[in-house]
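**Student:** Sharing a structure, written as structure tokens. Questions coming.
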Amino acid sequence: MASAEPLTALSRWYLYAIHGYFCEVMFTAAWEFVVNFNWKFPGVTSVWALFIYGTSILIVERMYLRLRGRCPLLVRCVIYTLWTYLWEFTTGFILRQFNACPWDYSQFDFDFMGLITLEYAVPWFCGALIMEQFIIRNTLRLRFDKDAEPGEPASPPALANGHVKTD
């Protein structure tokens, strides 16, 4: 019998950081295409995005675990969106003190100090929905099997009533 254990917080942080970094690059590439019709799709971000996204999504994971039985999905997504704005403002403000903030929303109509902008409310909300329903929920299902040998196939899935058990 395999002894599978949940991923550590550091392992989950790593997955969240890489996911956020990738999404940031893809979003900036798509934005460049929509705004400037640039077929090169130049996606860019900063290495700071790894820390920012990894930490933020790990905190949202904690929120999800506490709120999932208490709040409807849309309310949770509003809470996550508000958290995203607070986190983006806070990290941006700190990085700006060192001339290291990689974003500037000053050109947007509804920006605050160039660090956050209301124009991103819908993308942040949609991102929060995807983050909870796909990224966090599936990351929490991942397991380390400490008895598995590297390179060997996993043990066959357990059968339930003659069917492969997927949960």
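Cβ from N, Cα, C; glycine included.
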**Student:** Lys40 and Leu140: same side of the membrane according to Swiss-Prot?
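**Tutor:** Result: no, Lys40 and Leu140 do not share a side in Swiss-Prot.
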**Student:** Short question: which residues 6 or more past the ends of the transmembrane segment (41-61) have a Cβ under 8 Å from it?
**Tutor:** 9, 12-14, 16-21, 23-30, 32-33, 80, 83-84, 87-88, 91, 95, 100, 102, 128, 131-132, 135-136, 139-140
**Student:** Would you mind listing the long-range same-chain contacts of the topological domain 'Extracellular' (95-109), meaning Cβ under 8 Å and 6+ residues beyond its ends?
**Tutor:** 45-46, 48-49, 115-120
**Student:** Against which stretches of its own chain does the topological domain 'Cytoplasmic' (1-14) lie, if we need a Cβ under 8 Å and a gap of at least six residues from its ends?
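**Tutor:** Result: 54-55, 58, 61, 139-140, 142-148, 155.
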